[in-house]
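If you check TrEMBL, you get these features:
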DOMAIN    121-249  domain 'TFIID subunit TAF5 NTD2'
COMPBIAS  296-307  compositional bias 'Acidic residues'
REGION    296-348  region 'Disordered'
COMPBIAS  319-330  compositional bias 'Basic and acidic residues'
REPEAT    378-419  repeat 'WD'
REPEAT    451-486  repeat 'WD'
REPEAT    493-524  repeat 'WD'
REPEAT    535-576  repeat 'WD'
REPEAT    577-610  repeat 'WD'
REPEAT    619-651  repeat 'WD'
Amino acid sequence: QTLVAVLQFLRRSNLRESEEILRREARLLGDDLGAAALSPTAAGLLGAPGGDADSAVGEALLNRVTTAAAIAIGGSVSTVASSSPGVAAVPSLPPGKVGGGVVVEDQPDVSAVLSAYNQQGDPTLYEEYYSGLKHFIECSLDCHRAELSQLFYPLFVHMYLELVYNQHESEAKSFFERFHGDQECYYQDDLRVLSSLTKKEHMKGNETMLDFRTSKFVLRISRDSYQLLKRHLQEKQNNQIWNIVQEHLYIDIFDGMPRSKQQIDAMVGSLAGEAKREANKAKVFFGLLKEPEFDVPLDDEDEEGENEEGKPKKKKPKKDSVGSKSKKQDPNAPPQNRIPLPELKDSDKLDKVMNMKEAARRVRLGPECLPSICFYTFLNAYQGLTAVDITDDSSMIVGGFADSTVRVWSVTPKKLRSVKTAADLSLIDKESDDVLERIMDEKTASELKILYGHSGPVYGTSFSPDRNYLLSCSEDGTVRLWSLQTFTCLVGYKGHNYPVWDTQFSPYGYYFVSGGHDRVARLWATDHYQPLRIFAGHLADVTCTRFHPNSNYIATGSADRTVRLWDVLNGNCVRIFTGHKGPIHSLAFSPNGRFLATGATDGRVLLWDIGHGLMVGELKGHTDTIYALRFSRDGEILASGSMDNTVRLWDAVKAFEDLETDDFTTATGHINLPENSQELLLGTYMTKSTPVVHLHFTRRNLLLAAGAYSSQ
């Protein structure tokens, strides 16, 4: 009767396979006594009172029958395994296992992860299981079909890996060949990696594979669709698939209408499925910090009043715009002292004043008034142009090259000069008014300076806001800080062990961020030789990095096809955006700090509302990777530059107006993207044969673009 009780327990717990194994085992033992004899010891060991003896025995036998369950039940059972001779004698635990399902091996993490694959059904039935589910989903109602189709890819991967891990190589091969064509086109690259994993040994060192194993694949499904699936799998007793769903997938269930095919398509495609809704719930202070207050001295030419209306009109709005900016505190802004920011130097204040004067003459852009575009083409760049940056005041441009050099050009008639040598400096009168001019050495004046130091291609460059420093990062794993006064290298920051793909200065200077092949982004301060923060979480290379305008957050784009937003204060990930179908190569925050635009190899620009953590737009038009994104100074226009040799201008105001950001949308992620992004496209500008690598709006809203002419 104990055996019957155990079998009932197994059936109640829906462990059909274990039940089958137990029946077979019982027949091997010859009679029911073998199992019954265990009952008193097992009950005693588990400390179960008489009434619970059955379930205790159930658990003891479970432990002896199936490893998968042993892993699940854990500690209490392992005591039984070690102290009850009856159980220890049963040879159903595979060698190398200890009672609790721990693998004793040199690489604990990998093996522990892979051991989950030990629970296996009949390898010949895998194709049948999968095609049965496929048939069920394809025949279900339209409203559920789109949602349930999301299961195809993760189940396909896990079932294939399970076959490979258990060394059913021919079954794995035929399973792959039969079903890999059914997967969505944006998983092609992952499937290529997968198809090369054909033996158990291959799985040990493969990173992609490990990520897939350790991070649960996230699916967002409505409750109705989920119930439908659960009922189907339980009726069919298809517990192989059910095991995978429970073990390896994270199903984020929401109440409400199922999502449509295009709503799902917009959001899926990353390496680990969609982001959990929980991931985008944290509060983000996306507002701007208060500008420091100081008076704007009016110089002579302003007082002459260039326009006919006379000068008072011109002065007034300018004064107000400066004042109003600083007096009102943005309600969504972080506290001014949330992270320590460097003090403003006098030269910074002067620069701010210049900036404000320029801003007064800024062209108001819009659909009726598009910016002029000035394109800097790098000709004969046979060294291979790999990165470009332009200073905020548009006076200098820098190129990083594959021959490991960094080249800085002056774009204005003012030549680049270095500071005089120490001996010459001691002769200068420090009190004179033009001391800053005198310290420069005229003999060194030239349009171009070449900086040597890296030992590999330079993939990222960034000027400091005060134009005194320049950052460059390279394949050699270092980030270098160069002085633009002496044009020499001041520091080499070593932290990444692999190529560093991007680096960027904070809008306030002092801090900078770098991201690389080691899948993490690091936050540095110029005066520390070790990183202050390490942002870990991406499943593949961090390909691009950007500071939020308030410098409290950093956005990173990755080859795992997600964008993450990190809090500089505590290093937490506060947003995960999924929806791109290829590695992300460009990021841009809107000037008001509310929105983020991202561009990737899939040729789409996606727009995100940072506060609500939602996708709010998709701009289609480019036919190749988007390497450059930039908002105009007032945020009316978004410019995108791509490898398809075009610059496109988009109407940002229209893209962000009347957004549906009600609670329902935020809760379920039902986003309704406009069908046609063409009405947001304001213009497309072709180059002859120059991919666009960088875009920059000058302070007066002239658009500068840069790239290297490619002859092929």
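Cβ atoms here come from the backbone N, Cα and C positions, even for glycine.
A quick note: this is a predicted structure, and the numbers were derived from the prediction, not measured.
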Ranking 378-419, 451-486, 493-524, 619-651 by Cβ pairs under 8 Å to the repeat 'WD' (535-576) puts first 493-524
Taking the repeat 'WD' (378-419) as reference, the highest number of CB pairs under 8 angstroms among 451-486, 493-524, 619-651 goes to 451-486
The mean pLDDT across the repeat 'WD' (378-419) is 90
Grouping DSSP H, G, I as helix and E, B as strand, the residues of the repeat 'WD' (493-524) number 0 helix, 19 strand, 13 coil
Spatial neighbours of the repeat 'WD' (493-524) not adjacent in sequence (6+ beyond its ends, CB under 8 Å) are 341-342, 456, 459-466, 469, 471-481, 530-536, 538-547, 549, 551, 554, 556, 558, 566, 568
Grouping DSSP H, G, I as helix and E, B as strand, the residues of the repeat 'WD' (577-610) number 0 helix, 20 strand, 14 coil
